[in-house]
Amino acid sequence: MDRFYVISNSMKDPEGKIAKEIKAYLNFRGKQCIIQERQGKESLRSYKYTNANLIPDDTECILVVGGDGTLLQAARDMIERNIPLLGVNKGTLGYLAEVDGDNMEEALDRLIDDNVVIEDRMMLEGCAYSHKKKLLQDFALNDIVIARSGRLQIIDFNIYVNGEFLRSYSADGIIISTPTGSTGYSLSAGGPIVSPEASLILLTPIAPHTLNTRSIVLPADAEITVELLHGHTAGWDEAAASFDGDTCVKLGIGDCIRIYRSSRMTRLIKINNISFLEVLRNKMNDQ
């Protein structure tokens, strides 16, 4: 690889020190590297942090300095570009970021020599509707979460799979996640850990008002519909659907959201020649 672009989280790398070190080393090796100009988050733009249109067409790799959240945001902003991403971990617990300060130069050398593996990770797409009017359509690499909003009351909803009724829930919400997202919010809610190479969709209820509710594993081509109900807790104000913990849309009684596998993928660069099980074991040992 010869042409690189760096996205840096200003909260994780306040002075841009890591980004500048990356650029300096790549320039030293005779490679091109551009550091993104820092911008605040604005809800009125079509992107949140990174304007994909400003990234040169010949860019071969985007290095993302921050934590898993920064990488998730970059994946969503870059969804139309299909450029491989490499995470540089400056967060806390990172399952996606491959590189840290101790192996930075080694990782850059391997990028330059094309001694890397690029993994395609499935994404979810969700369309929210209110009385058949589309409210929002967006993407997620980790998960789409439908949860209570406003007063602290459980919400009631039906789940349909490929148009067929599955079951009703009274819960704080539900998480629909990819294999990549299985180590995120879904895991905290009691969901299983799934290898990122798997092809499936996870449904994990959040604090369900029942004793026998478990996560449900569905094939990747399943289409899930979540329909909000009056139910026996009709006093709840509203719910919200969030995409990777970022983009959010409010939902009311009678509204629904359709969720399915997106035709788009996120391309993640794998530097370290270690298995997912080894990464998982190391993360567990760190706790």
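Glycine is treated like the rest: Cβ placed from N, Cα and C.
Keep in mind that this is a model prediction, so the values were computed, not measured.
Asp68 (active site, proton acceptor) falls within a helical segment according to DSSP. Positions annotated as active site, proton acceptor by TrEMBL: Asp68.
Taken from TrEMBL, the feature NAD(+) binding site applies to Asp68, Gly69, Asn142, Asp143, Asp172, Thr183, Gly184, Tyr185, Ser186, Leu187, Ser188, Ala207. Contacts of Ser188 (NAD(+) binding site) defined by a Cβ separation under 8 A and a same-chain sequence distance of 6+ are given as none.
Looking only at the recorded positions Asp68, Asp172, the densest Cβ neighbourhood within 10 Å occurs at Asp68. Rounded to a whole value, the Cα-Cα separation of Ser186 (NAD(+) binding site) and Asp68 (active site, proton acceptor) is 15 Å.
A helical conformation is recorded for Ser186 (NAD(+) binding site) in the three-state DSSP classification. Here Gly184 (NAD(+) binding site) is positioned 10 angstrom away from Asp68 (active site, proton acceptor), judged by their C-alpha atoms.
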